[in-house]
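According to TrEMBL, the protein carries these features:
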TRANSMEM  16-33  transmembrane segment
TRANSMEM  62-79  transmembrane segment
TRANSMEM  91-109  transmembrane segment
TRANSMEM  124-152  transmembrane segment
TRANSMEM  164-182  transmembrane segment
TRANSMEM  267-285  transmembrane segment
TRANSMEM  305-326  transmembrane segment
COILED    632-659  coiled coil
């Protein structure tokens, strides 16, 4: 989404990220190699490297220890989380850069010898504080801490005049100038993908304050984990990410500072500690996502990088403190210097060793292949109704940035419910008719005069085009059911007129090899989008068989037709199960139920013993792997009964054979 917004010079999701968007657009134009995505990923790598250098600078200026600086920069940069989000197009590496920059400028301000130098640094710092807020807003807590500390220092030194305060305010506002990009882009309305209408002050504020997500919250209307659970997870995660030694060294820095109250630059350590505590407490309070779900944990953990950066700096200072104490006791023993360097090198090398294989994404094209498969499967001139981040963002990137399948049209389901979407984007969706200016299950005119339409009306005015939904339809509007049905089309579904006759054999043939997917099942981290994409593609293999089985269960058809549907579903399930050794656990359950239904049919060509045996086998395999299924006890009870039936059937066969002999 961020890459597409930059390529199109549109506006990204709230709060807009204008600085990242403009930097990414610059890099897309300047770098002459690689795909559009590769260029922006490379930009993030460069920003991450710059962030590391600033952490090194901060520790070195505070302690004079090169080894401490290397430790801080290395353990932070080569932690899994930082490494992972410094090689993909996201705003976190730029945020890490600003965290390092603000800490480095604060140290520089503390070291300044004259009032003139402090005045100059404070103005540069005010500008950088404003500029940092043009990226990720979580840094505002660090900005507040640093601004209050700097103002206090200036006031204490009698250097804070009204004129100087005014200049600092102007420098801060100058840093916010990239936000002018938002109304400019919105006014020009040339981007085929953008978010929101910032041409009015209210529209700008809505976007800037993230009102569509919930201001000061990660998500809108989500019931998340408790503050205590969030803090405990952060501490556990920090130990896993940075190793136990790094937080321990940070504690050493605090203890050393507390024992030596008159230590030069001790105020820096307390300032950084205050920043860490305030940020961690505030984020744990406002991060309203359930971190017991792997995907949500993946969303939340990215924001812990901001606190990890401070912990890494404190750890570097802690190492320098230990060496300083050792030198005092042992009178500058050179062995200590070797130990300091070896300790820093060992910790950094251990991070690289532990995380390189995880973070090596040079051959990761999973989401790219996912989107290419979906787009390639669509017929020309189709309308694709997108839903969710995975399909929406990946398909838009390929469609707009790489020009793939220009003959199809992408329409976002969720965005159609926003008041700004169609007035701004309809002109960029040629050939698609919209019978109003906003999607709403209840058609009519809203109090503000907006004409709404439902999905049934939308499909009716676009009946000359084939329509697909990827993935799933908005549950709030069921009007389409009047005249349409959903037929499986890989991970997506096709909206088909209710009068169309369904031919199970033909539909199985059409969808059997709709995708070319070779990724092994379960090989990705459950918290990653790769895992989501892989799961969707694997479940797509079984989707048509499941649809036919469900049709046999629910459709009002003759017994012969019902028998044919069950047979088609059974044969398809059997073929898929036998083709893949490792597959989603729910396939066992689906296949077992299909075998059980076949047992009820008469005049089938399958041996009942085989069907019973397969039913028992796959129900047992399912219960072994799906221990959290609330129906597990009932399934096991059914298996006991089925085993008795199987034994009785085998006994009866044995008796018949003896009689025959």
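Cβ coordinates are placed from backbone N, Cα and C, and glycine is handled just like the others.
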If one takes Cβ-Cβ under 8 Å and requires six or more residues beyond its ends, the residues near the transmembrane segment (16-33) are 2-3, 5-7, 9, 39-40, 42-43, 89, 91, 94, 131, 134-136, 178-182, 195-196, 198, 207-208
At a Cβ cut-off of 8 Å, and with pairs 6 or more apart in sequence only, do we get at least 3 pairs between the transmembrane segment (164-182) and the transmembrane segment (267-285), yes or no? no
Lying 6 or more residues past either end of the transmembrane segment (124-152) yet within Cβ distance under 8 Å of it, the residues of that chain are 15, 17-20, 91-92, 94-95, 98-99, 101-102, 105-106, 109, 160, 165, 168-169, 171-176, 178-179, 210, 267, 271, 274-275, 278-279, 282-283, 303, 306
When pLDDT is averaged across the coiled coil (632-659), the result is 84
Counting only residues at least 6 beyond its ends, the same-chain positions whose CB falls under 8 A of a CB in the transmembrane segment (91-109) are 2, 17, 19-20, 23, 44-45, 47-48, 50-55, 57-58, 61-62, 82, 85, 118, 121-122, 124-125, 128-129, 131-132, 135-136, 138-139, 142-143, 146, 149-150, 153, 265, 268, 271-272, 302, 305-306, 309-310, 313
